[in-house]
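The structure appears below as structure tokens.
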Amino acid sequence: MNDLLKGSLEFSRDRSNRSDIESGHGPGNSGDLGLSGFFKKVQEIEKQYEKLDKHLNKLQGAHEETKAVTKAPAMKSIKQRMERDVDEVGRISRFIKGKIEELDRENLENRTKPGCGKGTGVDRTRTATTIAVKKKFKDKISEFQTLRQNIQQEYREVVERRVFTVTGQRADEEAIDRLIETGDSEQIFQKAIREQGRGQIMDTLAEIQERHDAVRDLEKKLLDLQQVFLDMAVLVDAQGEMLDNIENMVSSAVDHVQSGNNQLTKAVKSQKSSRKWMCIAILILLIIIIITVISVLKPWTQKNGA
């Protein structure tokens with residue numbers, strides 16, 4: 001997607017310059033078409049994507065740490081770090097969403113400028129680039145949703161291992177589901193508590209409870225991003241279809257123009273050929289007329305009579 005967006009930007013600038021030249025304007029006037037400020041805003045969004053990547057890497061690293069944690073205080077510390085990162089991800093995502101909506105509004109406003117109407121090169125450039133930005137944003141948010149699913153799945157696996165380690169038995173799915181949902185692990189560990197004493201199992205109970213709270217809170221925060229994801233998905237699908245229609249119309253227009261050019265070329269060649277044969281016919285006719293006149297007049301007989 002990085003390559004797609006960069007390619008779109010480079011293609012857009014090149015196309016803009018060519019449009020300026022064809023319309024009799026110099027490259028320096030490209031800012032008048034609204035592309036200069038447009039590209040600056042796209043680059044600003046790109047910088048925010050880099051921040052999202054950093055926070056995603058931090059969250060993935062922290063999640064890996066939780067797999068080896070067996071003490072509640074350590075789990076709580078990691079949870080707090082992850083919550084700060086997720087809060088920052090939410091803030092950045094809302095900022096990006098606002099900037100993308102701003103691009104959409106400005107794209108519509110820019111169509112009122114001369115030479116920037118709907119379907120023009122400038123308009124297609126802005127539309128294609130904006131869609132690329134949206135697709136990238138959707139992909140970024142999708143990565144956080146994948147992380148949420150991984151956390152949820154691996155949380156279950158960790159709980160199953162903890163139960164087996166303490167009790168020596170594998171709990172059924174219903175018991176694990178209940179523990180995951182409520183965080184109350186005493187019931188599942190009742191036999192172990194009676195046999196080993198509450199004191200020896202308290203650390204495990206506290207760690208499971210802390211892990212439960214961490215997963216619940218992180219999942220809620222990450223689910224808040226789901227609405228942003230859905231909003232972007234709807235916009236990308238709708239505008240993607242619109243862009244396809246524009247490109248199809250442009251492609252069709254190009255085909256018609258090319259076909260017209262071919263027909264014109266054939267007509268010119270045919271006209272030249274017709275002129276050539278007409279000249280030959282006229283020349284032959286002149287020769288026939290000259291021969292006929294000479295045959296009638298017979299100038300050589302007049303010379304003999306004299």
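Each position is counted from 1, following the chain as shown.
Cβ atoms here come from the backbone N, Cα and C positions, even for glycine.
Among the features that Swiss-Prot reports, coiled coil is placed at 35-72 (among others), with the record citing sequence analysis. Long-range contacts of the coiled coil (35-72) within the same chain, counting only residues at least 6 positions beyond its ends with a Cβ under 8 Å from a Cβ of the stretch, are 5, 9, 12-13, 16, 78, 81-82, 85-86, 88-89, 92-93, 95-96, 99-100, 102-103, 106, 110, 122, 125-126, 129, 133, 136-137, 140, 143-144, 147, 150-151, 154, 158, 203-204, 206-207, 209-211, 214.
Feature annotation from Swiss-Prot assigns coiled coil to 134-162 (among others); the stated evidence is sequence analysis.
Swiss-Prot lists 11-23 with the feature compositional bias 'Basic and acidic residues'.
Swiss-Prot lists 205-267 with the feature domain 't-SNARE coiled-coil homology'.
According to Swiss-Prot, the feature N-acetylmethionine maps to MET1, an assignment based on similarity to another entry.
If you look up Swiss-Prot, you'll see 11-35 marked as region 'Disordered'.
The topological domain 'Cytoplasmic' annotation in Swiss-Prot covers 1-276.
Summarised as a single figure, the pLDDT of the topological domain 'Vesicular' (298-306) averages 57. The feature topological domain 'Vesicular' is assigned by Swiss-Prot to 298-306.
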